[in-house]
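S.K.: Sending over a structure as C-alpha cells; questions will come in a sec.
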C-alpha cells in the first residue's frame with residue numbers, strides 16, 4: 001500500500017479545511033501516499049489575481065477560508081480533468097448542484113479502480129428521477145466505488161483545530177484503513193463504518209431539523225423546546241431512513257454523523273440561522289431567497305408528506321405554515337402528538 | 001377512577017412549576033381527582049412572614065419561583081405528615097439528600113397502596129450501601145410502588161409554558177393513564193413507559209455530561225467539540241446503564257429523559273454552568289464549594305473508574321485533572337480513543 005495519489009474536487013470553506021488536514025497527512029505518510037495533492041479550484045479573480053495563483057503562492061484560500069494555512073504540497077489547479085487524472089482517491093467537496101456536471105467532465109479521465117469519497121451534505125434532485133444520494137451520482141457517473149464522510153464538522157472550527165469527530169462510511173472494508181490514515185489527526189477523530197447510505201442520509205436530513213431548531217430560536221422558545229425538536233427530528237430521521245433506505249440499522253445515529261452532527265447543526269449551523277431568519281423576517285420560507293440553496297428541506301418535507309399524509313410530519317407543517325406566528329411551534333407539536 | 005388525592009412533597013423551583021401544572025389538572029378533572037392538593041413546604045421566614053402563609057395568600061412561591069401563579073387549590077403546609085396523610089399519589093420533588101429522612105417521617109402516615117412518583121434527578125449515596133436510586137429509597141422506606149418523571153424540563157421554562165416533553169416511568173401499566181392525566185398539558189407532553197430505573201438513571205447521569213459540556217464551553221471550544229462530548233457522554237450513559245442496571249434497553253435514550261434532557265442540560269442546565277465556572281476559576285473541581293451539591297458526578301466518576309480502570313472513561317479524567325489547562329479537553333478525548 002504505497003503511492004496513493006489523492007485529489008480534491010472542490011475548494012470552498014469545507015474543502016479548504018479538509019485540504020489542510022489531507023495535505024499534512026499525505027506529506028507525513030510517504031509510505032502510503034504520493035506527496036502532491038492536486039486540488040480543483042473553480043477559477044475566480046480576487047483583487048486582479050487568479051484564486052489558484054493566490055492559493056499556490058500564499059498557501060491560503062483567501063476567499064473561502066482566510067487566515068488558515070494549507071500545506072504547500074496541495075496544488076490548486078483550475079482544470080478538473082487535470083486534477084483527477086492519475087488520482088487513486090478522489091475527494092468530492094463542492095456544492096451538490098455541481099456534482100453531476102463535474103463528474104461528467106471527469107468521466108473519461110478518472111483512473112479505473114479509483115475510490116471516490118463524498119463530503120457533500122445534501123441530496124440531489126434530478127429532473128424526473130426524484131431525490132438521489134450524491135454518492136450514487138458519483139458512483140454511477142464515474143463507475144467507481146464511492147464512500148462518504150459526514151460528522152459534526154463545522155468547517156471553521158475544524159480549520160481552527162478544535163476537537164471533533166467524523167464518520168466515514170465505505171462498503172468495502174479493504175479501504176477502511178487508508179481512509180482513516182488520510183483523515184485522522186489528534187483533533188479530527190475518524191471512525192470508519194460500512195453503512196454509506198445511512199451516513200449520507202444523516203448528513204442531509206439533519207439540516208431539516210436544523211431549520212426547525214432555528215424556528216424555535218426565532219420564536220423565543222428555550223432549551224426545553226429546542227431539545228424536544230432535536231429529539232423529534234431524530235425520530236423523523238430514523239423513520240425516513242427506514243422508509244426510503246429500507247434500513248433498520250439505527251447504530252449509525254449514534255455516530256458523529258448522527259446525533260452529534262444533529263446537535264451541532266441545531267446550535268451552530270447555517271440552517272439554524274435560516275430558520276431563525278425566516279421567523280424574524282415573517283416571510284414564508286418558500287418565498288425566501290435564502291431558501292433556494294437549501295432545497296433539501298423542501299424535498300424532504302414533500303417526501304415525508306407523500307409517504308404519510310395523515311400525521312406526525314412536523315417539518316412540513318412548520319416550513320409551509322402560512323401563519324408563522326408565535327404559536328406555530330405549538331402547532332407542529334400538536335401535529336406530532338395527534 | 002375518582003377521588004384520587006394528590007400531595008406534593010417539596011416546593012422549590014421545580015416543585016412550584018409542577019404545582020402549577022398539577023393544581024390546574026386536578027381542578028379540571030373532578031371526575032378523576034380530589035380538588036385539594038396539599039404541598040409540603042419547608043417553612044422559611046421571608047420578610048417577616050411564613051413562606052406557607054405567603055403561598056396560600058398570594059398563590060405564588062415568591063422565594064423559589066417568583067412571578068408564576070399557582071392555582072389556589074394547591075395548599076402549602078409546613079408539616080410533611082399532614083401533607084401526605086390520605087394522599088393516593090405522592091409526588092416527591094425535593095433535594096435528594098433529604099429524601100430518606102423525609103420518607104422516614106412520613107412512613108407511618110402514608111396510605112397503604114398509595115403511588116409514589118419521584119421527580120428528583122440524581123442518585124443518593126448512602127453510607128455503606130453505595131449509590132442508590134431515589135425511587136428505591138422511597139419504595140423501600142414507604143413500601144409503595146414508585147414511579148419517576150424525568151425529561152428536558154428546565155423548571156423556569158416549564159413554568160413559562162414553553163413547549164416541552166417529559167417521560168414518566170411506572171412498572172405497573174394500570175397507573176399509566178392516571179399519571180398522564182395528572183401531568184399532561186398542551187405545552188407539557190407526557191409519554192409513559194415502564195423502565196423506571198432506566199429513566200431515573202438518564203436523569204442523573206446527564207448531569208455528568210453537562211459538566212463536561214460546561215468545561216468545553218469554559219475552554220472556548222465550539223459546537224463541534226460540544227457535540228462530540230454530548231455523543232460520547234451518551235455512549236457512557238448507555239454503558240453505565242448496561243453495567244450497573246444490567247439493562248440492554250436503549251429505547252429509553254430516545255425518549256425526552258434521554259437525548260433531549262441531555263441536550264438541554266448541556267446547553268441550559270446548572271451543571272453546564274458549574275463546568276464552565278470551574279474552568280474559568282482554574283480551581284480544581286474537587287476543591288470547589290460549588291461541587292458539594294453535585295456529588296453525583298463524583299460518584300459516577302468513581303464508579304466508572306472502578307469498573308474499567310484502563311480506558312475510555314472521560315469524565316473522571318476531566319473532573320479530576322490537576323492541569324485544567326487549555327488542552328485538557330484534548331486529554332480526555334485521547335483517553336477515550338486509546
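Just so you know, the numbers here start at 1 and follow the chain as drawn.
Placement of Cβ uses the backbone N, Cα and C atoms for every residue, glycine included.
Remember, TrEMBL labels are computer predictions, not curated facts.
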S.K.: Have a look through B:111, B:121, B:139, B:181 and flag the one TrEMBL assigns to the substrate site that B:270, B:271 belong to.
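M.R.: For substrate, TrEMBL names B:270, B:271; of B:111, B:121, B:139, B:181, the listed one is B:121.
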S.K.: Within 10 Å of each Cβ, count the other Cβ atoms, then let me know which of the binding-site residues B:14, B:98 comes out lowest.
M.R.: B:98
S.K.: Cβ neighbours within 10 Å, counted over all protein chains: which one of the binding-site residues B:10, B:270 has the most?
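M.R.: Compared across B:10, B:270, the most Cβ atoms within 10 Å surround B:10.
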S.K.: State the mean pLDDT for the domain 'Glycerol-3-phosphate dehydrogenase NAD-dependent C-terminal' (B:196-283).
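M.R.: Across the residues of the domain 'Glycerol-3-phosphate dehydrogenase NAD-dependent C-terminal' (B:196-283) the model's pLDDT averages 87 on the 0 to 100 scale.
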S.K.: Within the domain 'Glycerol-3-phosphate dehydrogenase NAD-dependent C-terminal' (B:196-283), count helix residues (DSSP H, G, I), strand residues (E, B) and coil residues, in that order.
M.R.: 74 helix, 0 strand, 14 coil
S.K.: Taking the residues B:10, B:11, B:12, B:13, B:14, B:15, B:98, B:155, B:270 listed for NAD(+), what is the greatest CA to CA distance in Å, to the nearest whole number?
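M.R.: That value is 20 Å for the farthest Cα pair.
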S.K.: Within 10 Å of residue B:206 (active site, proton acceptor) by C-alpha distance: pick out those among the binding-site residues B:10, B:98, B:271, and say none if nothing qualifies.
M.R.: B:271
S.K.: Using the alpha carbons only, what distance in Å do you get between residue B:14 (NAD(+) binding site) and residue B:121 (substrate binding site) once rounded?
M.R.: 11
